[in-house]
Amino acid sequence: MTNDSASHTPSDNTEMTEMQRYVTQQRGTEPAFSGKLLHNKRTGAYHCLCCQAPLFYSDSKYDSGCGWPSFDQPVSSEAVRYLEDESHNMRRIEIRCGQCDAHLGHVFPDGPKTTGERYCVNSASLSFIDDVDGERVDG
């Protein structure tokens, strides 16, 4: 496993916010409870902010109380890539977009009984697309 840095920008060539760039390109973490998509309860899919690849469905999102959007599984085994992360004197598993390698967050083995996994994802790395009206909301 490696710790390479991501180097992709949004596919529609819009400018990223400072936080979106910090999270997706520099493996940063947004402050807990600050993300735009944390409390989103609409039905739809969460996509990579940088390349718009689908990552998580809304029915896999749950409130873990950790301060970041949490999911119990990605849309497919290819949707995310896993890397060992030993930064900050911790041992964690980093998750990145399986298509463009943008940093998303981390996965932990303390999730719900369905999968046992908690995909802790920065809102700033996601775009949400509503199933009903097609509205896109960038985190």
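Cβ coordinates are placed from backbone N, Cα and C, and glycine is handled just like the others.
Per Swiss-Prot, these features apply:
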type     : residues                    : note
DOMAIN   : 9-131                       : domain 'MsrB'
BINDING  : CYS48, CYS51, CYS97, CYS100 : Zn(2+) binding site
ACT_SITE : CYS120                      : active site, nucleophile
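When the neighbouring Cβ atoms lying within 10 Å are counted for each of the recorded positions (CYS48, CYS51, CYS120), the highest count belongs to CYS48.
Counting residue by residue with DSSP, the domain 'MsrB' (9-131) contains 18 helix, 40 strand, 65 coil.
The residue listed as 'active site, nucleophile' and CYS48 (Zn(2+) binding site) are 14 Å apart (CA-CA, integer value).
The Cβ of CYS100 (Zn(2+) binding site) has 20 other Cβ atoms within 10 Å, all protein chains considered.
On the backbone, the CA of the residue listed as 'active site, nucleophile' and the CA of CYS97 (Zn(2+) binding site) stand 13 Å apart.
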